[in-house]
Structures are given as C-alpha cells and as structure tokens.
Amino acid sequence: METANYTKVTEFVLTGLSQTPEVQLVLFVIFLSFYLFILPGNILIICTISLDPHLTSPMYFLLANLAFLDIWYSSITAPEMLIDFFVERKIISFDECIAQLFFLHFAGASEMFLLTVMAFDLYTAICRPLHYATIMNQRLCCILVALSWRGGFIHSIIQVALIVRLPFCGPNELDSYFCDITQVVRIACANTFPEELVMICSSGLISVVCLIALLMSYAFLLALLKKLSGSGENTNRAVSTCYSHITIVVLMFGPSIYIYARPFDSFSLDKVVSVFNTLIFPLHNPIIYTLRNKEVKAAMRKLVTKYILCKEK
C-alpha cells in the first residue's frame, strides 16, 4: 500500500435509502412499525426461556442466544437508520463507522456459527435421542456458544484490521444507510485488491462453508425422518423443526453470500438486500422457530397471563 501524504477523512456521508421526503416518511413508518412489533417478540422469547423452569433443554438455551444476537444485530443499524430519515445530511464519524462495522460483523458471524451449533443439537436429538442428554450437556452447550461468539469476534477483528490500515482522502460518500464495508473499501485512496480479497475469503468462507454443512446435515436428517414417517407425532415435530431451521438458514445466508461473497461492486439490489439482511430477516428468525414450537408458545402465553394480564387486573 502506498504511503503518500493525504488528508485523512474523519467522517462519512450516508446517502440513505431515499432522498425523497415523502418516501422517507413512508419508509420510516414501515420500518418503525416493523421494528417495534418484532423486537418485543424476541425479548419475550428470551424472558420466557429464562423464567420458565420447564424450558431447560439446550435447544431453548440456543434459541434464547439466537434471539439476543438477532436483537443486537438489527439494533446496530436500525435506530440510526430511523433517525436519519429526518436528517438532511446523514453523517457518521470514522470511529463510529469502524465501531459499527466491528459489531455488525461480530454479531453476524456469531449468529452463523450459532446456527451451525443448533444444527448439531438437532442432529443429536434426532439421531442419538438416548444419548442426547449426555452429549449435549450444559457444559458442552456453553462451550459451543462461547466458541460461536469467539469465532465471530475473530472474524470481526480481521475485517476491521483490514479497514483501518487503508487511507481515506476523499470522496467520503457511502451509497448506503449504514457503514457498509463494501462501500467503505470502494472509496479508499489505494489499491484495495489484497484487502478486498481477504475480506471476501473471510466472509465468503464462513458463509459458504456453514451453508453447505447446514444444508447437507438437514438433507440427511430429512431423509432419515422420511424413513420414519410412520412413527407418530414426534417424527412430525422433528420434520417441522427441520423446516424451521432450513427457512432460517436460507434467510440468513442468502443475503450474506450475495453481499459479501463476491467482488465489492455496486448493484441496484444492494440496498434492498442489505435491509433484509440487517433488519427484517434477523428479527424474524426466533419468531419462525417459536411459531413451530408448542412448548415455547404455551410458556409465552403463561408468562403473559401471569406477569402482564394479572397486573392489569
């Protein structure tokens, strides 16, 4: 990388999702309604699993972690995006940009690793039911979750370390509503091919390898469950759980691979895919799991009745 003198950029200007006031107002109402509707649902999932003594299996512990990561992941960009709808000049400082990049990749990669852990948990529950409690004990479950977070942290450190060493001398406009790493790399005043290649390999490797492993494991599980299709309600519930997992995997990994596992060129769909990737899909993930889980739904109804409706009376 060249070391010539340059004027360091201290802030970036975000173009946002739209420059039209009327469109901005409509988008604000839509995203705020969506965020305020789904966010409490994820919080309720965490509270339900934490407070209900019957939801002690590793599956529920992992689900609570997923809900937390999804809340965190979406909240990194959503509040600022909503505020910027009413700001004429949308500015983010260089330090805030780096912090946003770090936490976004930290939470996103951690969630991908966690989904892989959840697939292992489901595999153990279906294929080794008699040994499930022994294999997926509390200690192993905590270790796997900790490794997921550690993997996300290492991935995020790599991304940020590559960004901070780049020179930024102008322009400083990012064609996005948040500090997107693909946009930041594009405006650096240097040849970014080596950094971009490492970023694509890092993000793409995590996304593609995890996706292939997950799809192969679910294909194996569904094939196994198809042979046991006459075994009753438990088999049907396992199939339903598998489809829930597959739905989450597709929603999570599809946009991520589209954005980060290719050269950082600009395409017309980038902003739309980014909105789904950072806001809509993450907040839906735990909800999709919960809708197919009778135990969690029953516990949620019990919690709402006990702590909310009773207090109103």
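For all residues, glycine too, the Cβ spot is worked out from N, Cα and C.
Annotated disulfide bond per Swiss-Prot: CYS97-CYS179, in sequence order. Other Cβ atoms within 10 Å of the Cβ of CYS179 (disulfide bond) number 25 in total over all chains.
According to Swiss-Prot, the topological domain 'Cytoplasmic' annotation covers 1-25 (among others), on the basis of a curator's inference. For the topological domain 'Cytoplasmic' (1-25), the model gives a mean pLDDT of 80.
Among the features that Swiss-Prot reports, topological domain 'Extracellular' is placed at 47-57 (among others). Nonlocal intrachain contacts for the topological domain 'Extracellular' (47-57), taken as residues 6+ away from its ends with a CB within less than 8 angstroms of a stretch CB, comprise 63-64, 295-296, 299-300, 302-303.
The list of residues near the topological domain 'Cytoplasmic' (79-97) in space but at least 6 beyond its ends in sequence, with Cβ under 8 angstroms from a Cβ of it, reads 8-17, 24-25, 27-28, 31-32, 35, 168, 177-179, 184, 279. For 79-97 (among others), the entry in Swiss-Prot reads topological domain 'Cytoplasmic'.
According to Swiss-Prot, the topological domain 'Extracellular' annotation covers 119-142 (among others), on the basis of a curator's inference. For the topological domain 'Extracellular' (119-142), the list of distant contacts is 58-59, 61-62, 213-214, 217-218, 220-221, 224-225, 238, 241-242, 245: same-chain residues at least six beyond its ends, Cβ to Cβ under 8 Å.
Positions annotated as topological domain 'Cytoplasmic' by Swiss-Prot, on the basis of a curator's inference: 164-204 (among others).
The topological domain 'Extracellular' annotation in Swiss-Prot covers 226-238 (among others).
Per Swiss-Prot, the feature topological domain 'Cytoplasmic' maps to 260-270 (among others). Long-range Cβ contacts of the topological domain 'Cytoplasmic' (260-270) within its own chain (Cβ-Cβ under 8 Å, at least 6 residues beyond either end) map to 175-176, 181-182, 185-186, 196, 199-200, 203-204, 207-208.
Positions annotated as topological domain 'Extracellular' by Swiss-Prot, on the basis of a curator's inference: 292-313 (among others).
Per Swiss-Prot, the feature transmembrane segment maps to 26-46 (among others).
The transmembrane segment annotation in Swiss-Prot covers 58-78 (among others).
The feature transmembrane segment is assigned by Swiss-Prot to 98-118 (among others), with sequence analysis given as support.
Here Swiss-Prot flags 143-163 (among others) as transmembrane segment. For the transmembrane segment (143-163), the residues of the chain that approach it from at least six positions outside its boundaries are 61-62, 65, 98, 101-103, 105-114, 116-117, 120, 181, 184-185, 195, 198-199, 202-203, 206, judged by C-beta separation under 8 angstroms.
Taken from Swiss-Prot, the feature transmembrane segment applies to 205-225 (among others), supported by sequence analysis. With a threshold of 8 Å between CB atoms, the same-chain residues lying at least 6 positions outside the transmembrane segment (205-225) that come near it are 109, 112-113, 115-116, 119-120, 122-123, 126-127, 151, 155, 235, 238-239, 242, 245-246, 249, 253, 256-257, 260-261.
Annotated transmembrane segment per Swiss-Prot: 239-259 (among others), in sequence order, evidence recorded as sequence analysis.
Taken from Swiss-Prot, the feature transmembrane segment applies to 271-291 (among others), supported by sequence analysis. Residues 17, 31, 34-35, 38-39, 41-42, 45, 63, 66-67, 69-71, 73-74, 76-78, 81, 104, 111, 175-178, 180, 244-245, 247-248, 251-252, 255-256, 258-259, 297, 300 of the same chain lie 6 or more positions beyond the ends of the transmembrane segment (271-291) yet place their CB under 8 Å from a CB of it.
The stretch in 26-46, 58-78, 239-259 that contributes the largest number of Cβ pairs under 8 Å to the transmembrane segment (98-118) is 58-78. Sequence-remote contacts of a segment are chain residues at least 6 beyond its ends whose Cβ falls under 8 Å from one of its Cβ atoms, and for the topological domain 'Cytoplasmic' (164-204) they are 1-2, 6-9, 11-17, 76-77, 80-81, 84, 90, 92, 94, 96-98, 100-101, 104-105, 109, 155, 158, 256-257, 259-264, 266, 270-271, 274-275, 278. Using the rule of three or more Cβ pairs under 8 Å, pairs at least 6 apart in sequence, the transmembrane segment (58-78) is not in contact with the transmembrane segment (239-259).
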